[in-house]
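Structure first, then comments.
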Amino acid sequence: MTNTATLQATLADALSEGISEHTFTRRWRILAVLCLSLMTVMIANMSLNLALPELALALNMTQLQMTWSIEAYTLIFAALLFVASAIADRYGRKLAMQIGLAVFALASLYAAFIARNGSELIAARLVMGIGGAFVMPTTLSIVNLVFPSVERARAIAIWSAVSGVGMMFGSIITGTLLEFFSWHSTFIFGAILAAFSLVFNYILVPETRDELKNPVDWVGDTLITVALVGIVYAIIEAPSMGVSNIWVTTGLVLGTISLIGFVWQQLRSSSPLLDVRLFLRPEFGLSALAVTLTFFAMMGAFYGMSQIFQLVMGYGTFMSSIAFFPVMLPMMVLSPMVPKIVDRIGTKWTVAPGLMLIAAGFLFMSQWPVEVQYWQFLVGMGTVTIGMTFVMTPATNMMMAAVPKNRSGMGSAINDTTRELGGALGIAVLGSMISSGFSTHIAKAPAVLPEALRTTAESSLAAALSVAQELGIQSVVFTEQARAAFMSGTSDAMFVSFIIALAAAALIGVFLPNRSTPEARSEAI
């Protein structure tokens with residue numbers, strides 16, 4: 001079939017699916033604008049990590065404020081995804097995305113030019129998270145609606161690649177900006193990206209909304225928001241505050257009760273915010289599990305690697321950010337090819353081997369020596385990112401295929417929530433294992449420390465290396481002991497990740513359907 005005939009056949013498919021010819025002719029430009037919008041909010045997920053040392057000095061931030069300046073964005077982002085998607089479905093996805101981009105840009109400018117202390121910065125990050133929650137799910141919803149079924153898998157593959165590499169680009173861009181400018185530049189850059197996205201969004205992206213005009217489920221919105229805030233808060237704070245802490249326990253209990261109430265309320269609702277019965281379908285529930293575990297692996301590994309680069313391998317801020325770039329290349333190159341592989345061998349036999357590659361990468365990293373070399377990072381993380389590429393695109397596509405087309409926003413919110421919660425879990429669980437493993441092993445080190453310094457040294461690798469500088473002739477010995485302790489904790493965390501990824505591969509290999517069921521989209525909610 002000639003290219004012209006193929007294009008005409010694709011256009012015919014698009015028209016039969018309710019996509020206008022005007023939208024069809026601009027679909028790839030629309031995708032570019034949506035990916036720019038997605039990149040804007042994903043970069044903010046990682047961009048602040050490298051700037052924290054400078055921020056802490058400039059704004060006199062406490063350690064707790066430093067932690068919350070990172071986590072405030074993720075927490076509110078994850079908590080509001082369902083609410084934002086429901087509002088977008090009801091009142092217009094383009095409008096919701098424009099409002100989100102505008103809020104994100106204004107909050108970024110506030111952080112750059114007005115914030116004068118840690119509390120004001122945290123407030124700005126919270127507002128940025130609110131804006132981001134209205135942007136991320138609407139991008140996937142619109143992708144799902146402007147592409148005909150024959151092209152949708154490829155478009156989602158590109159969206160997934162941008163989602164995956166956006167956070168990595170955040171570190172690279174931040175490292176580059178901090179090399180030449182102050183911390184203000186990271187927020188100014190985010191505002192500029194949001195402004196460009198807003199303009200191109202206005203020009204190119206068509207407005208779409210729920211054709212059935214279902215009312216917004218405010219009761220369900222409130223319950224799921226409280227559930228996610230409580231549970232995510234507990235996940236984030238448990239490693240540092242302890243599971244028995246009153247605030248962690250309250251967050252977990254309140255979140256769990258709200259989640260149970262949400263499920264009960266949704267099962268009784270005639271127009272549910274989330275059809276929880278979708279999770280009983282293997283193609284939906286297991287795909288969601290695969291995406292969650294993929295982001296669990298990615299965010300947890302990146303959390304540890306940032307410290308390994310700077311504190312074990314001795315890289316500076318700029319070189320640490322650049323070091324991540326090579327492992328992004330497989331994802332960028334392979335993502336557009338994955339739909340063809342899925343067409344040939346099916347979703348199950350693409351996702352399961354992808355999870356096995358992730359497991360293999362983590363097993364390799366669990367064996368890293370204390371004197372880890374850069375090539376070992378490339379082999380381990382390169383294997384993990386290749387595996388992620390074969391998981392994210394087909395799993396996302398199968399999830400979205402299971403959702404009725406008029407509830408595209410709901411499917412997008414679920415997909416995005418799995419990513420955010422997976423990332424929060426990865427940082428919390430693997431970060432906690434690295435931290436506790438370090439503390440345990442450094443406590444067993446020969447007693448070269450004065451008692452007054454021991455507690456400080458056991459708190460983190462950075463603190464231990466700082467203390468080592470005060471030890472004179474014992475400095476070199478204790479520095480080696482501290483790095484060995486950190487790598488021991490990292491090894492434990494990577495081995496647990498290997499077990500989790502391997503178990504997920506087994507579940508997918510046994511229970512995930514190899515193809516989406518054709519009736520999935522037509523079923524009403």
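Cβ coordinates are placed from backbone N, Cα and C, and glycine is handled just like the others.
Automatic prediction, not curation, is the source of TrEMBL annotations.
Positions annotated as transmembrane segment by TrEMBL: 30-52 (among others).
Sequence annotations record features per position, and here TrEMBL assigns domain 'Major facilitator superfamily (MFS) profile' to 30-517.
For the transmembrane segment (72-88), the residues of the chain that approach it from at least six positions outside its boundaries are 41, 44-45, 48, 95-97, 100, 122, 125-126, 128-130, 132-134, 136-138, 141, 209, 216-217, 220-221, 224-225, 228-229, 232-233, 236, 273-274, 409-410, 412-413, 416-417, 420-421, 423-424, judged by C-beta separation under 8 angstroms. The transmembrane segment annotation in TrEMBL covers 72-88 (among others).
For 95-115 (among others), the entry in TrEMBL reads transmembrane segment.
Positions annotated as transmembrane segment by TrEMBL: 121-147 (among others).
Sequence annotations record features per position, and here TrEMBL assigns transmembrane segment to 156-177 (among others).
Residues or ranges marked as transmembrane segment in TrEMBL: 183-204 (among others).
Feature annotation from TrEMBL assigns transmembrane segment to 216-236 (among others).
Same-chain residues lying 6 or more positions outside the transmembrane segment (242-264) and placing a CB less than 8 Å from one of its CB atoms are 220, 223-224, 226-234, 274, 276. According to TrEMBL, the transmembrane segment annotation covers 242-264 (among others).
Cβ atoms under 8 Å from those of the transmembrane segment (308-329) belong to residues 50, 165, 168-169, 171-176, 178-179, 302, 370, 372, 374, 377-378, 381-382, 384-385, 461-462, 465, 483, 486-487, 490 of the same chain, restricted to positions at least 6 beyond its ends. According to TrEMBL, the feature transmembrane segment maps to 308-329 (among others).
Annotated transmembrane segment per TrEMBL: 349-368 (among others), in sequence order.
If you look at the transmembrane segment (421-443), the same-chain residues 6 or more away from its ends with a CB under 8 A from one of its CBs are 45, 74-75, 78, 228, 232, 235-236, 238-239, 291-301, 303-304, 457-461, 464, 481-482, 484-486, 488-493, 496-497. The transmembrane segment annotation in TrEMBL covers 421-443 (among others).
The transmembrane segment feature in TrEMBL is assigned to 493-512 (among others).
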Checklist entry - Under a criterion of three or more Cβ pairs within a distance under 8 Å and sequence separation of at least 6, are the transmembrane segment (156-177) and the transmembrane segment (216-236) in contact? => result no
